[in-house]
């Protein structure tokens, strides 16, 4: 979402980091003032787009959709846990092809706009697919799977588009990079808290299909954000050159991926997600089983996940106030270890050890989910910052989408590996005797990626990751040739960027270069090595 600082602004890294800390503290002490500051510097329509995508679509939408889809596969389609796990992986497939959506937003404008049409498209796809699923009773597995996959595709397109906006604003406003990431995290966590709070009640009162139909509302908000987004209109675009722009973008991505500072952390991120086996399908069936499991109701399932989203929000606050300046390797090391330890709480719950020590299922489940969500957020946010700093100038939206798709591919594989594990252990709708083995294997597998932690740079999260020659060379070439008019460059104002801010950054850089020649030298060398999250 937020790419690396671009070449000319890298001299201001220390100042940017300091400003980021001040803003980060203000977001906790005075959220309204923090939001006003972001709105004034980045335009209110950008903030609205972030809230619509992360708060409404991914926060509320994923929360309600996750609970409703679980009950839909279990009670309406009546499939086994392993099958439900597999179908969940299929519906997440559009997130793996995020580079395609990124390429479209970067090089193919529609009616003179790069971002607005794709928000509108995402909203239309989401609204139509969820209305079809909710209004047609008796759908077969394949039509239902197609509708859920279409809704996921709309969410992925909206996500890529808002990521591109965050990326270009991170280049022109480096001090606000971590704060934009925190805005995304806060919106997502607060939206999830609201969504999980009402999800159980919606499923209980409207049924799983009715609750899924309500997901058309977040998609409608995304559509509205696309209509209201402030973006400069570009006339006389030569669509005959689109294929050349696609080819150039692909070439740039290939050249960037060959850089060791990029592909090494990419390998770690993929393996880390791939080996974090997802067995949530089996856990959900066990949660709701009244004979072997605790038999939680729809309302209580929603409450458990709502409490868990509070833990996710606490993870964002903890990261923003205390952890965002730590080296990537250190924070990822502890994130991986804590993720494995937090998973042991599931083992205690499944084996019913909590009852033997006098802790009720409902209380322990809430604690378990809260801690797991908080640790998951602490592990996820540094990876997002890392991805944003590995993007080459000119293809920020596309390359960030590529990096995220690698992570999503790892998550998809983890869902399929988890489904296969549940199937091999004969975990079914009514049989859960081997579920504890699946939980134990998952927790152990989370420690395996630590063997590849050496691939992650030791740099702190405020450093520039790409080599200086790559930043300067790519930016200069793109500006000189003008070959990527719709790539995210500092020289291009998308309507969400303040030209005054860019001019001020340039003046500050020139002034620093004149009076702080000695100080700028270590900063250049510091920005040379790439960093991984």
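For all residues, glycine too, the Cβ spot is worked out from N, Cα and C.
Predicted automatically and left uncurated, TrEMBL annotations should be read as such.
Since the structure is predicted, the reported quantities are computational estimates derived from the model, not experimental observations.
Taken from TrEMBL as is:
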type	residues	note
TRANSMEM	46-73	transmembrane segment
TRANSMEM	118-135	transmembrane segment
TRANSMEM	183-204	transmembrane segment
TRANSMEM	210-229	transmembrane segment
TRANSMEM	299-319	transmembrane segment
TRANSMEM	331-350	transmembrane segment
TRANSMEM	399-422	transmembrane segment
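Within its own chain, the transmembrane segment (210-229) is flanked in space by residues 45-46, 48-49, 52-53, 56-57, 60-61, 64-65, 67-69, 72, 115-120, 122-127, 130-131, 133-135, 148, 151, 154-155, 158, 199, 202-203, 495-496, which lie at least six positions past its ends and keep a Cβ under 8 Å from the stretch. It is 183-204 that, among the stretches 46-73, 118-135, 183-204, 331-350, forms the most Cβ pairs under 8 Å with the transmembrane segment (299-319). If you look at the transmembrane segment (46-73) against the transmembrane segment (183-204), you find at least three C-beta pairs under 8 angstroms, all six or more positions apart, and that counts as contact. Within the same chain, residues 49, 57, 101, 104-105, 110, 144, 147-148, 150-151, 153-155, 157-158, 160-162, 209-210, 212-216, 218-227, 229 sit at least 6 positions outside the transmembrane segment (118-135) and bring their C-beta atoms closer than 8 Å to a C-beta of that stretch.
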